[in-house]
């Protein structure tokens with residue numbers, strides 16, 4: 001594969017946290033390379049997009065065609081040299097080949113090569129992100145924010161500012177490359193907010209700063225780029241009014257803390273109505289060092305005119321924590337199917353298990369096939385029984401209602417709560433974590449669900465309106481690597497009529513398969 005020519009110039013912007021980055025898109029190059037970074041004061045080699053971590057913000061407008069030319073310049077011997085990028089939250093209708101999940105939708109991009117992802121944000125707007133979908137590569141740095149703006153946003157009258165300065169990314173950061181560390185790390189070394197943070201026992205390095213002007217209202221876009229922990233997010237002295245979850249508009253809901261899981265996104269309106277001062281932004285991880293001593297797990301909300309110093313504000317007990325069950329979609333709120341459990345065309349109960357090394361769903365641990373599922377289908381294999389990996393493929397017909405339940409017991413899913421992400425769709429959560437109630441009238445709708453803890457039986461519903469193979473997996477990346485996934489093959493017989501990959505896509509597998517093992 002030859003390299004594609006540069007598709008557009010980068011427009012540099014000064015982010016509110018004081019570092020120069022680049023807002024790019026919807027037509028752009030994205031160069032993946034290795035480089036040393038020290039976001040928390042500790043220097044390590046990482047996987048970078050356009051030389052920065054997190055990767056640059058990619059933006060577009062509702063209905064835009066995204067053409068993102070991914071150039072693989074990876075060379076570090078301790079990390080993978082190939083890559084594959086998933087555009088998290090995009091439906092990819094008609095472009096299943098561009099979804100980016102390695103060995104489900106494509107072969108990886110080999111080092112020294114490039115690949116053009118070409119897809120359209122049809123009827124989609126909101127907060128998205130992109131990340132490597134090859135092994136645990138995104139834990140080493142290949143992750144970044146993505147926003148599709150809606151010129152006719154129904155919530156536009158609720159805020160004054162929505163731009164590059166209102167992005168808030170949360171990342172777990174490890175001082176050891178994923179391939180060299182534990183299979184299941186017990187907490188990260190640090191929490192990074194907009195790419196900056198401190199680690200316990202480390203120096204007082206710079207914290208990210210988000211600057212606001214007193215009296216203005218800001219649409220903050222909060223993204224969890226986490227590989228593992230969930231976070232309890234709050235801003236001292238301020239409430240947050242949620243208006244979006246995972247690129248789905250919801251009725252405004254005011255909270256004072258948000259528990260956010262790997263892969264999830266929220267937009268909330270923050271009104272800068274406090275005294276001119278500095279306020280701690282807090283992201284308490286579910287594992288690792290769970291305090292705020294010395295400014296760890298923190299960033300700074302700074303009012304214009306305040307001194308450039310760390311805040312002195314103190315943490316307060318949350319009295320309005322987000323209850324996911326209280327989120328109501330703004331449009332078409334009803335869940336598909338009949339208003340009772342099992343009232344769908346196909347109901348599937350996912351039985352989890354763990355043997356100390358691998359996770360299992362319905363007695364099968366997912367192992368990536370050598371031939372991508374989409375390529376198998378386009379090559380003529382249309383029976384789920386014949387598709388590989390055997391036992392992990394579930395065929396579902398078109399225009400059907402699907403219900404999935406995730407029962408959690410004391411032994412079947414250690415490391416809970418597990419955030420599960422369905423590619424190619426959003427879904428209605430008719431039973432949320434921590435509840436025995438069901439809601440078929442106006443349940444929260446999103447693309448990553450917290451499946452809860454012991455005794456929970458979280459249940460989701462979606463409609464099969466998007467032909468192709470779609471991953472359903474735990475978004476704790478170390479758990480996905482250990483087999484915690486299945487694939488829905490949706491309307492398999494019609495995939496060849498609705499999906500026409502590019503010639504470059506067809507070249508991916510021969511190029512990748514010809515690599516020496518040292519260049520994978």
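Each residue, glycine too, has its Cβ placed from N, Cα and C.
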Record feature N-linked glycosylation site (Swiss-Prot), assigned residue among 399, 457: 399
Additional site residue, 418, 421, 423, 425 [criterion: listed by Swiss-Prot with 474, 479 for Cu cation 4]: 418
Candidate sharing the Cu cation 3 site with 423, 473 (per Swiss-Prot), from 131, 133: 133
Site co-member for Cu cation 2 according to Swiss-Prot, given 131, 475, out of 88, 155: 88
Spatial neighbour of residue 86 (Cu cation 1 binding site) that is closest, considering only the recorded positions 73, 76, 139, 399 and their CA atoms: 139
Cα-Cα distance linking residue 239 (N-linked glycosylation site) and residue 76 (N-linked glycosylation site), given in Å to the nearest integer: 44
Helix, strand or coil at residue 421 (Cu cation 1 binding site) [DSSP, three-state]: strand
Cα proximity to residue 509 (disulfide bond), best match among recorded positions 73, 139, 239, 421, 497: 73
Cβ atoms near residue 399 (N-linked glycosylation site) (within 10 Å, other residues, all chains): 9
Per-state residue totals over the domain 'Plastocyanin-like 1' (24-149) - DSSP helix, strand, coil: 7 helix, 60 strand, 59 coil
Among 73, 76, 239, 497, the one of these glycosylation sites whose Cβ has the fewest neighbouring Cβ atoms within 10 Å: 497
Chain-internal residues near residue 421 (Cu cation 1 binding site), provided their CB is under 8 angstroms and they sit 6+ positions away: 88, 263, 447, 448, 471, 472, 473, 474, 475
